[in-house]
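The domain 'ATPase F1/V1/A1 complex alpha/beta subunit N-terminal' annotation in TrEMBL covers A:9-68. According to TrEMBL, the feature domain 'ATPsynthase alpha/beta subunit barrel-sandwich' maps to A:109-194. Per TrEMBL, the feature domain 'ATPase F1/V1/A1 complex alpha/beta subunit nucleotide-binding' maps to A:212-433. The feature ATP binding site is assigned by TrEMBL to A:GLY232, A:GLY233, A:PHE234, A:GLY235, A:THR236, A:GLY237, A:LYS238, A:THR239. According to TrEMBL, the feature domain 'ATP synthase A/B type C-terminal' maps to A:440-540.
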Amino acid sequence: MAEGVVKYINGPVIRADKMDKFKMREMVTVGPKRLIGEVISLDGQIGTIQIYEETTGLKVGDKVESTGMPLSVKLGPGIVGNIFDGIQRPLNYIFNKSGGYISEGIGLASIDLNKEWEVEIIIKNGDEVESGMFFGKVKETPLVNHYLMVPNGIRGKVIDLKPRGMYNMEETLLKIDDGKEIHEIKMYQEWPVRSPRPVNKRMPIEKPLVTGQRVVDTFFPIAKGGTAAIPGGFGTGKTMTQHQLAKWSDADIIVYIGCGERGNEMTEVLEDFPKLVDPKSNLPLMNRTILIANTSNMPVAAREASIYTGITIAEYFRDMGYHVAVMADSTSRWAEALREISGRLEEMPAEEGYPAYLPSRLAEFYERAGYVDTLSKKEGSVTIIGAVSPAGGDFSEPVTQNTKRFVSAFLGLDKKLAYARHYPAINWLSSYSGYLATLDGWYRENVDEDMMKLRGEMLKILQEESKLLEIVKLVGEDVLPDEQRLILEIAKVIKIGYLQQNAYHKEDTYVPLDKQNRMLKVINELYINSREAVKLGVPISKLRGSEVFKDVIKMKYSIPNEYKDEFKDLEEKINDYFISLKKAYEG
Amino acid sequence: MIKEYLELQKIEGPLIVLSGVENASYDEIVEIKCGEQIKHGKVVQIYEDKAVVQVFENTAGLSVKDISVKFTGKPLEISLSKEIMGRVFNGIGEPIDDGGDIYSKIKRDVNGRPINPVARKYPRDYIQTGISAIDFLTTLIRGQKLPVFSGNGLPHNNLAAQIVKQAKISSSQNSDFAIVFAAMGVKHDDAHYFLRIFEESGVLDRVVMFLNLADDPVVERIITPRCALTAAEYLAFEENMHILVVMTDMTSYCEALREISSAREEVPGRKGYPGYLYSDLASLYERAGMMEGASGSITQIPILTMPNDDITHPIPDLTGYITEGQIVLNRDIYQRNIYPPINILPSLSRLMKDGIGEGYTREDHPDIANQMFSCYSKVQEVIALAQVIGEDELSDIDKKYLEFGREFEYRFLNQGFDENRDIEETLNLAWEVLSILPQGELDRIAPEMLKKYYRG
Ligand SMILES: Nc1ncnc2c1ncn2[C@@H]1O[C@H](COP(=O)(O)OP(=O)(O)O)[C@@H](O)[C@H]1O
Ligand SMILES: [Mg+2]
């Protein structure tokens, strides 16, 4: 085995001599504690290594040992419901080894290889199989069937197939004879995190990721297999939004990457998700959730890796035909980790100290999203939703700007809205979704012919409001004609009654599309009727103070998600009110 | 591995370069003897037989000749026992009162280690501070890290002192609590002020002080909060006490970090601060919270002064990205003679959601807090409009908002330094002020609550 010698130590970056037998991107262990690192550059005998653990105590002369493998993850049962560090070591395992504080020198670890799982075999001896084909099934959690797949690059005839039964990870379940070689197949496979897993082909994006968040689903939808960014200064609601999507979106699997953020936020997920119930299956949400945590005080180099660990796990579940949503909070911390390592390598900085390859790394990451036909001819998808934390809350900085180039949905969080506690603080004027046209058909077919049309009209009212507010700022509201004041009032109804959605409210935290659609219709009804009333000379003050305006604003709380006649009743009430109002003013 | 080296190659600001070094380990502490003086430093970079050492004390007086250097083989450690309470230490954890050394088998590396997220307990218990704006709008939770963003000349010290005096840090008879105080680059006056407050509130024997004052060595400042937090972790997680850590001034700390970074010729980030400022601050702020298996907690109140009152400056900005909210002081409000001059709009407590409401403070708390933020933000719009068209031209409803804004600031926000309001009093006062507005404007409050509490 190749062995290098440490020559230079600067935080997480070290250089070693005698490295000519090592490969680029190879995983290595360093020093007596066998710290885990990765070779990030090679120049003759000198190799540069980034280390995923604290380097305190490391010395010149310490050994660098090869593992012969690139940085990889082990993919098999035991991932779902678990929490890992940036290089897929289970945090519970680390806890058992080193207690409440994470220490270095834990060594490599991954999913529990000794655990036994009940494996159902779904092929026969003599079958011809190819990469990606399912050969077995494990009930990993009550929500997730884990399909065991033929590893990439292997095809041939099945021999020595084991029967259904309890097996641990290291047992050979079958062998595949490709004519030249016999491959032993186990319950898990390994995959280098920096390479995308292959698919049969990419497919067009046609379905939304339904999130139950009105401003997202109605106004700026995210697509299954698509990409979205959520930029915002501190305290504007990035993490809350990501948590809401992790809880309520209709993905089969959630991979939540806590990248350089707070420890307590991971703890919160660990405490809350087992108690929260998935609206579809009535089972705890933790049953479909995978957490990757490199919190802000954990080693920086592993922060860089955590994103790749997360996305690779997501692709693996996609290959089973699942729709996987990846939340990365925050991609800026990952970019900063790149910057920090780059700085220690004394690379030439580009914009604001970030390395020149920042845009290409971001592009590579977001390109790993997609709606695909898998190797096993199933439909699966990976959706990526990345939080961005711009310095000073200023969106013109490099990470936000470059992210914008590679994502299709942009949910811009607004400090002003957050200050006024308008949550989610997604700015409806600066946000956009590139999926409106592609998803239009789906909404027509699955929700309502008119939903997207109504969305357009509501957005128009909001845009008009913003123009009117410019005038109001200069002269006050009283001078506007009543039609325009009505726009302000309806915009207020949309903002308070529709866009604001309280994550802490039992009913409002998640709203099905159908209810969203009915709410839109009610607001539209109110608008059309009010407009006619204003034409008849009904003063705006009368409308604004009316019972029906209040009812519409409150409907998000007063009408349950499992509504019966409540919408019909409210619509009737609105109609009745305006009929009598019109009579009074016409007569 | 204790060796003495004599070859000092270079002295550059706080850094010295030693050569002919064997066996030095990254991050270890070295002792530098120069005549009668002993200075300390740590290894920050190693290259073949050279070690770059960052010296904590002033390097003035060091010469390339006539020194001896000892490698201790260990990172910086401090001795810990319950005896540290009531004691005063310098910025690198050496006693500076006349109590002598701390003798204990328990020694801890001041750098600490990251708490494993699976070992954390999510903080949920509310601490009453007796300060209306905080208890009502940015509720402090035991185990939270909640900084004060201030500006030069604003009363952040008074606010911190009032919190120290009034906060019910521990629920059980205030017996198992202590205060850890870390001063980085603060003036003697300010340190004395805190000392007096601790004395007056009778907690002096429960305070652990780490002082690096304005005229103390700058580099030492990097170690000061680490010593303080190491002491806090020991008391909270080994002795099961509730600890309140006050750290001031984080701005001086960051400036010290910048100074060293520039001496090391690192690529500077925003405003010359090093690119790793975020990770470095996180390595301090994340040392707060609660842990499985221990009944204690660490609540952190870091204080920082925003250069130019600019909240987008890297120091407040990166702090806000790490801490669980922030309390922001505002100069305009202070100039209106209001204490505490908290601007509630940018202020936030991320953990309050679990500690307020029915069964904790009062059922109406979440809704009216929300409403207060929304109405007060509307007040700012009305003020802007009034500046354009004049107050007389405002609509009746806008005039109500102005009145509400004034009452909010003068009656609700404003309170005496010795005034300790309980949560009931605070909530009632909030309703009184909100009730200036017509019921129709209060669109964030559930109808039942309005019926029960509205006083218009
Ligand atoms: N949808 C929401 N409903 C209720 N409160 C919210 C919502 N979004 C954000 N908040 C509030 O804003 C605070 C900050 O949100 P967070 O997501 O932590 O911000 P960021 O990650 O952008 O710093 C939260 O603690 C919460 O009080
Ligand atoms: Mg966040």
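Note that the numbers count up from 1, one per residue, in the order the chain is shown.
Using the three backbone atoms N, Cα and C, a Cβ is placed for every residue, glycine included.
All annotation found in TrEMBL is predicted automatically rather than curated by experts.
Sequence features, as recorded in TrEMBL, placed on the structure.
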{"residue": "A:GLY232", "record": "ATP binding site", "CB count, 10 Å": "29"}
{"residue": "A:GLY233", "record": "ATP binding site", "CB count, 10 Å": "24"}
{"residue": "A:PHE234", "record": "ATP binding site", "CB count, 10 Å": "26"}
{"residue": "A:GLY235", "record": "ATP binding site", "CB count, 10 Å": "25"}
{"residue": "A:THR236", "record": "ATP binding site", "CB count, 10 Å": "27"}
{"residue": "A:GLY237", "record": "ATP binding site", "CB count, 10 Å": "23"}
{"residue": "A:LYS238", "record": "ATP binding site", "CB count, 10 Å": "28"}
{"residue": "A:THR239", "record": "ATP binding site", "CB count, 10 Å": "24"}
Winner by Cβ pairs under 8 Å against the domain 'ATPase F1/V1/A1 complex alpha/beta subunit N-terminal' (A:9-68), considering only A:109-194, A:212-433, A:440-540: A:212-433
DSSP three-state assignment (helix, strand or coil) for A:LYS238 (ATP binding site): helix
DSSP helix/strand/coil residue counts for the domain 'ATPsynthase alpha/beta subunit barrel-sandwich' (A:109-194): 0 helix, 42 strand, 44 coil
Non-site residues, in chain order, whose CB comes within 8 A of the mean position of the CB atoms of A:GLY232, A:GLY233, A:PHE234, A:GLY235, A:THR236, A:GLY237, A:LYS238, A:THR239 at ATP: A:SER389, A:LEU413, A:ALA418, A:ALA425
Binding-site residues (A:GLY232, A:GLY235, A:THR236, A:GLY237, A:LYS238) in Cβ proximity to chain B, threshold under 8 Å: A:GLY235
Residues of the domain 'ATP synthase A/B type C-terminal' (A:440-540) by DSSP state, where helix covers H, G and I: 74 helix, 0 strand, 27 coil
Assigned conformation of A:GLY232 (ATP binding site) - DSSP reduced to three states: coil
Secondary structure content of the domain 'ATPase F1/V1/A1 complex alpha/beta subunit N-terminal' (A:9-68), with strand meaning DSSP E or B: 0 helix, 34 strand, 26 coil
